[in-house]
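S.K.: Next up is a structure, given as structure tokens.
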Amino acid sequence: MKALIIDCLASGDGKRILARDVIGAGPRTVKGILQSEGIEAKITPVEDLDIKDIKKYNLIFISAMTSDFKCVKKLVERIRLKTDSKIIVGGPIANDINILEKIEADISIVGEGEITIRELIKKDFDAEDVKGTTYWDYNEDELKINPLREILTDLKLITPSTEIKDYKNYFSARVYVEVVRGCSNFKRPLLLCTNKKCNLCENGTLKCPLNINPGCGFCSVPSVFGYARSRDEEDILKEVEALLKEGVNRIVLSAPDFLDYKRGEKLINPYFPEPNYEAIESLLSKCKDLADKYNANVLIENIKANLFNEKVAEIFSKYLKTPIYIGCESGDKNHCKLLGRPTTPDDVLKAVKIAKKYNLKAQVYFIYGLPGENEETAKNTVNFMHKIKNYIDKITVYKFRPLPMSAFQNFKPNITKYSLLIRETANKINLEIKKKYIGRVLEVIISERHFRNKRDAIGYLPDSGLMVVVKDGAKFIGKTKKVKIIKAYEKYLEGRILKTWLCKY
């Protein structure tokens, strides 16, 4: 039996525009499960798929996000014209339990796949009575929805493949290694509570009398993946080293909140206990040793501002040269409470000031068009962006999307002129920050040809996700070069490769 895993993550309408340097953990995890059960498997990004090769495979897995719906729908239609192989859809797109009524696949895997896929293999992919799946019953011509599966407690079952060369850009990509699964924020968005008040889940609770899904209202992680739990250090290090041996240059230690790592058992309290400093330092120090050994970089991603303090910053500054990503979402304190946020804008301001003190580059996330957003909250968010801009390296803004299994799944984006003001302010601040790079010489991993000008190339900084358009750089794909920055834009930089003789000075 042979399986093809098609990576559609962040492909939107069919072509990945943003985050082209990201290789998520999901498809590798699926490949590892299949290989552990004796099934030959290959990953292909959707852009690299040769549809004629589909006939070679008995099983077609598709990994996608909710925003990739159009891409997946068109892809499945193309596959159906070529083969009758079983099509299984997974990833966040499958959190919509009715997805098979919209996409002509056979099975969807809702949530974690480690046990579900193994059960499907044992049953020759007959999904009847397999928890965590929906499937199309062709005899009755209807969608069947099985009960959700309990969250995975044995994280030893997470066995990702490290055969990373399925991805052509593995050498320049940020390759995600799962460290923590699930989230510790089991508060509820007060926007959905009667009188906008509740004293039951101030610090998080597993059960809600109103059956409101846990976590920030816009996020589905607690509902899908449960409370935060951590992989063993030895398993993480084994995976990291195997990827570095394959030639990966940038590893991201992936977690909804890295500071939840080994913080406790069954974490549903985003405030207590405090971070496990010893475990964090042990993991980062050993990852840094591996990165130094293979001349690579190890990055972390998300952290909660309320858990970030000087002790954490001191540890990070010893082992990391990379940005840290902090969610703020709204610059209005009351709005944050309504959203179910564990942190306030004051927490974020304190965190970015600490980061600056320890020479850590902070990047802060915001969302516009959120439920509860109004003129006052939007203006407070804009003012807060200006308050933090001197302490940060970037602002990232997203448009609110209602995600299946999130508390706000039935809301629609509330886009007003004040919402757009949030986006416009972020763009202006980002341009202002990026202009500071003009004239600097930076090391850039040159990844691929530019979409329009084939003589130019797209590259990335080794220690971040910052994109650089390298003029006349196409002949250096796969190499790391010193690039002098000559222009700055809202989302990327532009530069030229230094002449070899200049690199000495």
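Every residue, even glycine, has its Cβ placed from backbone N, Cα and C.
Take a look at what Swiss-Prot says about it:
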- CYS208, CYS216, CYS219: [4Fe-4S] cluster binding site (BINDING)
- 193-440: domain 'Radical SAM core' (DOMAIN)
- 435-499: domain 'TRAM' (DOMAIN)
S.K.: Can you check what DSSP calls CYS208 ([4Fe-4S] cluster binding site), collapsed to helix, strand or coil?
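M.R.: The residue in question, CYS208 ([4Fe-4S] cluster binding site), is coil (DSSP, three-state).
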S.K.: Minimum Cβ neighbour count within 10 Å among the binding-site residues CYS208, CYS216, CYS219: which residue?
M.R.: CYS208
S.K.: Within the same chain, and leaving aside CYS208, CYS216, CYS219, name every residue whose CB is within 8 angstroms of the centroid of the CB atoms belonging to the recorded [4Fe-4S] cluster site, in sequence order.
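M.R.: Checked against the 8 Å cutoff, the neighbours are ASN185, PHE186, LYS187, ARG188, PRO189, ILE212, ASN213, PRO214, GLY215, GLY217, PHE218, PRO222, SER223, GLY340, SER406, ALA407.
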S.K.: Give the mean pLDDT for the domain 'Radical SAM core' (193-440) on the 0 to 100 scale.
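M.R.: A mean pLDDT of 96 is what the model gives the domain 'Radical SAM core' (193-440).
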S.K.: Tally the residues of the domain 'TRAM' (435-499) by DSSP class, grouping H, G and I as helix, E and B as strand, and everything else as coil.
M.R.: 6 helix, 33 strand, 26 coil
